[in-house]
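For reference, Swiss-Prot has these:
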| type | residues | note |
| --- | --- | --- |
| ACT_SITE | Ser25 | active site, schiff-base intermediate with substrate |
| MOD_RES | Ser25 | pyruvic acid (Ser) |
| BINDING | Thr57, Gly73, Gly74, Ala75 | substrate binding site |
| ACT_SITE | Tyr58 | active site, proton donor |
Amino acid sequence: MQLSLLKAKIHRATVSHSELNYEGSIAIDGLLLEAAGLYEFEKVHIWNVTNGARFTTYAIRAEHGSGIISVNGGAARYVQVGDLVIVAAFAQMSEDEAAVFSPNLVYVDAANAMTHTNHSIPTQVA
């Protein structure tokens with residue numbers, strides 16, 4: 001059986017640009033792209049924390065260290081500059097692979113500068 005597990009997440013990034021007339025995609029600061037282990041043109045899910053919108057697109061590289069998170073093309077209709085978003089990608093793997101796998105989790109500040117990384121999410125308690 002193949003399972004779909006979270007591969008990578010950039011948590012609560014701030015949308016810095018929204019370019020309706022640019023070729024579709026989400027441009028992500030190259031530093032964040034690399035830290036998350038995301039590839040250019042990889043399918044990503046975007047979850048808008050600010051308004052609840054959810055959509056998929058593909059990642060492209062923005063300037064390294066720029067803090068750019070730019071939602072482009074038709075997807076720009078789902079965000080506004082200043083919105084908080086989560087960028088996530090999933091990977092297919094066997095149960096054996098899943099048993100030893102851990103995702104790349106990237107956390108950023110309000111300027112999209114990386115604050116820290118992790119490979120697990122703390123257990124939620126009541």
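Cβ coordinates come from backbone N, Cα and C, glycine included.
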Field: Cβ-based neighbourhood (8 Å from the centroid) of the substrate site, residues Thr57, Gly73, Gly74, Ala75 excluded
entry: Gly24, Ser25, Ile26, Phe55, Val71, Asn72, Ala76, Arg77, Tyr78
Query: In angstrom units, rounded to an integer, how far apart are the Cα atoms of Ser25 (active site, schiff-base intermediate with substrate) and Tyr58 (active site, proton donor)?
result: 5
Task: With an 8 Å cut-off on Cβ-Cβ distance and a minimum sequence separation of at least 6, pull the same-chain contacts of Ala75 (substrate binding site), or say none.
output: Gly24, Ser25, Ile26, Ile46, Phe55, Thr57
- line: By a 10 Å Cβ neighbour count, the lowest-scoring of the binding-site residues Gly73, Gly74 is Gly74
Field: Spatial neighbours, same chain, of the residue listed as 'active site, proton donor' - Cβ under 8 Å, 6+ residues apart
entry: Gly24, Ser25, Ile26, Phe41, Glu42, Lys43, Val44
Task: Using all protein chains in view, find how many other C-beta atoms are within 10 Å of the C-beta of Thr57 (substrate binding site).
output: 19
Three-state secondary structure, which DSSP defines for the residue listed as 'active site, schiff-base intermediate with substrate': strand
DSSP state at Gly74 (substrate binding site), helix/strand/coil: helix
Message: If the substrate binders are Thr57, Gly73, Gly74, Ala75 per the record, what's the largest distance between their Cα atoms, in Å?
response: 10
